[in-house]
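Annotated features, as they stand in TrEMBL:
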{"type": "BINDING", "residues": "H153, H217, H288, H494", "note": "Fe cation binding site"}
{"type": "COMPBIAS", "residues": "503-519", "note": "compositional bias 'Basic and acidic residues'"}
{"type": "REGION", "residues": "500-527", "note": "region 'Disordered'"}
Amino acid sequence: LTGRIPSWLQGILLRNGPGMHTVGETRYNHWFDGLALLHSFMIRDGEVYYRSKYLRSDTYNANIKANRIVVSEFGTMAHPDPCKNVFSKAFSYFSHIIPDFTDNCLINIMKCGEDFYAITETNYIRKINPQTLETLEKVDYRNYVAVNLATSHPHYDAAGNILNLGTSIMDKGKTKYMIFKIPAAVPEDETGKDPLKHMKVLGSITSHSLLSPSYYHSFGVTENYIVFLEQPFKLDILKMSTAYIRGVNWASCLSFHKEDQTYIHIIDQRTGKPLPTKFYTDPMVVFHHVNAYEEDGCLLFDVIAYEDGSLYQLFYLANLNQDFEENSRLTSIPTLRRFAVPLEVDKNAEVGSNVIKLASTTARALKEKDDRVYCEPELLYEGLELPRINYAYNGKPYRYVFAAEVQWSPIPTKILKYDVLTKSTLKWGQEHCWPAEPLFIPMPGAKDEDDGIILSAIVSTHPQKLPFLLVLDAKSFTELARASIDVDMHLDLHGLFIPDAEGDTREQAPSQEQRDRAPDCPTAPQT
């Protein structure tokens, strides 16, 4: 440890991401397919303790037992063992027509009541112990709501209730996007304390295409509304059903339709119904919503947008070689865009007129015939991804975005703080350092939005320099401390911070004897 960690910072930074890409003699095709590796930084009284462990999913266990990849992932189709008989092979083909997706939950961590879950974009989530990283029970969303896919970026309200969005494919002849809620707590008079059993659907939106629903990774919320982008980045369900037989992966069934529009759905949380006005914008691909809020009869939302779907293609392992950082180039740069939509459209407004009258943005909404409105965004900043905010400002007017700087290469090289009000930035970066998503932790008694610190796990690309946990002052963006770890640490995806009061981490601080003892659990080999 160098520097000094603020004494008030006590808890666990819990991260998730792909960690194992080779099983036996088989190898995953895509970086996002790798078996989930959980890792944590427990911060206790100015010291940091590191732990990592593979998620023991059914997928992990089956692959390790067979010593080969036997469970298909989105970018890697697992094919039957050539030693199996014809009946086993036939069963494998039929089981992939309407696939039972993987429980390799490698994208994020979700807090549900008093429990924590590793989550991905399928219908499965895995409960974990945040202190030991032990894998616990498997949960299937389909036992409670009819969704085949769900986002890995749920939202939380002030009470801790969860809002999420999922896709229901061909249920009762329709493909829908389902909005569902998981309560933070259950009624006191009921036995058991599992909030998942009290999950309920708040509303739904019928897909524009029955057999080609939109892919989406996140959504936005305000105090009263949900923002969902039905983008022309689509899954072809018919192609997916025959992918196994054709010997191709499911990712090949995902394509960007540049001739289509992006539909903007604004759903009223109080009624579960979308606004009747048909909002749309140009074709784009959004993985991450930043924030959304209501202002003077309008709804503003900020997203990181691409002109196409090329980002996914760059992370095929065939492209991840030593020259990746220099040679990989996105065909469009990720851009922070602000959209504004009117919650009510003036019926007397002229066709072609801008119905947004806000002084705070140059975003426009142009009225068209047939109750349609074309939305033109304000371009705020180019070259950022993995955005985070002070979550106390989620769904409210806010000022700061904390993100990884990403230019034409998808690998982040710096952490930045973007001021939406002044359009200015502060940055942290060092040579041979790849930063992970920056998490903002508010300080006790914070008055300003940026009163707090930034935590980011930094991967070192220099063979003589160790990876480390970076601690930044969020206001000045100056380094307060770093804790170097002598392990092969991976780039991860997402995670959360569990303060002591929530995670009860104080009991887990290692003894001096444990600190001195060499770890008995090896970390994953770096890809």
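Heads up, the Cβ atoms here are built off N, Cα and C, so glycines get one too.
The number of other CB atoms found within 10 A of the CB of H288 (Fe cation binding site), across every protein chain shown, is 21. The residues near the Fe cation site, meaning same-chain residues not in H153, H217, H288, H494 whose C-beta sits within 8 angstroms of the mean position of the site's C-beta atoms, are I107, N108, T151, S152, S218, F287, H289, in sequence order.
Spatially close to H217 (Fe cation binding site) yet at least six residues away along the chain are E121, T151, S152, H153, V286, F287, H288, judged by Cβ distances under 8 angstroms.
Under a cutoff of 8 A between CB atoms, and with a sequence separation of 6+ in the same chain, the neighbours of H494 (Fe cation binding site) are R15, N16, G17, I107, N108, I109, S152, H153, L386, E437.
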